[in-house]
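Encoded as structure tokens, the structure appears first; notes follow it.
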């Protein structure tokens, strides 16, 4: 077995059971990995120097094929309603079979770190079958200094072999695709999928398990910080504007997706970004667009024309086209990945029912309620003529990645908000003047004006009214914003229709939250929409 590149000489792949490999390439850099990926036919070179790969059958995550080893340590720690279990015995058979499958292969290894805060960092070794996967994860996680590699000690190892097909009977899984996580021993096995995002989200899942034990809050969010050190956190599901609204030329970007919150402040888990590329335009998102024209960026499932120019409007392979690039490709990105204690939390929702106000102030209890709810609404199946909005509740704004019970994260968040005096806002980027099909999308200039007032603190001085349906505080007037739009009922042509729609949404919140009722205290239960109205 030939071994190339810089590494800790005392920790080779044989230490985790690999044998009879052809060549192992440790910590290769972008130019080397380009050469490998192109020579092996894994990817194409684009006209502007990015690397473009296709993932085949799997163009997104496979949440139904993700498993956590259920053992003595995890049995009482994992939220099994939301996480599928695999036995230690099945996992061991899977591990041995994957190691046997790798015999004769050339593999790529990256020694990286999850977490910009040294006290809460997770040194991670990623072993991949594909060279482009090695570059992808090198872009996404934090790269240690080259001088640190000879002493690198991983606490988590990820083995990603897309050509391995799992056997559902033999391996105790659902299909040929498997993402199996042994939290006790720090090992993740990925097989049967070429989708690179599985590696990134596996690191996130492990950090989401480990950090609460240290009273550190892991978050599926973006974050930025102003010139005065005023950190803001943006929670929000896909399509709510999290990436767009946190990209502010007047503020430093900490990160776009995964962060931790400790007693010292906020820190990015990653060293890169994994941005959606479908319908990407230079006019709308110039900074992200510019990364697609840089050497080192990895594009996933983006269609190229015969001149090797990307067509970002072509979703024929998938709507989930992506580009992965190091954070330093963004001009105003933080060099440290850390920021002071948050002053503001923004919870984004795209309410397609058109009943939520464009902004509302939340108490700590209401913030926990809405964090556990993780609400947005999307317009489902419009291409088939279905125009009825569909409510989506994804707890903690990232249910697929939360191994512990949501109440653990919710209580951590509530305590951190109270301890640091953080102001929380719910921001609706969805519809106004009616539901989807009748109303219109909330103007982005209105959202930005309200966000600016929230972030600079001036909105705290506004006059507020209590919303009759949801119980939160809504500003009556904000400079530069038409007062009428702040009261959603007044924007509807039919006030009675608004009341009916609002009550329907309140009922959806209550029905969804029923599963959390016994896990939260009375103050959070009392923060439910409709609770205040019922009490009065």
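The backbone N, Cα and C atoms fix where each Cβ goes, glycine too.
In this structure, residue 61 (substrate binding site) belongs to neither helix nor strand by DSSP; it is coil. Taking a C-beta cut-off of under 8 angstroms and a sequence separation of 6 or more, residue 61 (substrate binding site) has the following same-chain neighbours: 195, 197, 198, 201, 400. Annotation source Swiss-Prot lists substrate binding site at 61, 195, 201, 322, citing sequence analysis.
The C-beta environment of residue 238 (ATP binding site), restricted to residues of the same chain at least 6 apart in sequence and closer than 8 Å, is empty. Under DSSP, residue 238 (ATP binding site) is assigned to coil, being neither helix nor strand in the three-state scheme. Look at Swiss-Prot and you will find 201, 220, 236, 237, 238, 239, 240, 241, 242, 243, 244, 285, 322, 447 tagged as ATP binding site, backed by sequence analysis.
The Mn(2+) binding site annotation in Swiss-Prot covers 201, 220, 257, and the record cites sequence analysis as its basis. When secondary structure is read from DSSP and collapsed to three states, residue 220 (Mn(2+) binding site) falls in the strand class. Taking the Cβ of residue 220 (Mn(2+) binding site) as centre and 10 Å as the limit, one finds 25 other Cβ atoms among all the protein chains shown.
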Helix, strand or coil for residue 322 (substrate binding site)? Use DSSP. strand
Sparsest-packed of the listed binding-site residues (240, 244) - C-beta count within 10 angstroms: 244
Sequence-distant neighbours of residue 322 (substrate binding site) in its chain (C-beta under 8 A, six or more apart): 197, 274, 275, 276, 277, 299, 300, 301, 302
Write down the Cα-Cα distance for residue 242 (ATP binding site) and residue 257 (Mn(2+) binding site), rounded and given in Å. 9
Give the distance between the Cα atoms of residue 244 (ATP binding site) and residue 220 (Mn(2+) binding site), rounded to the nearest whole Å. 15
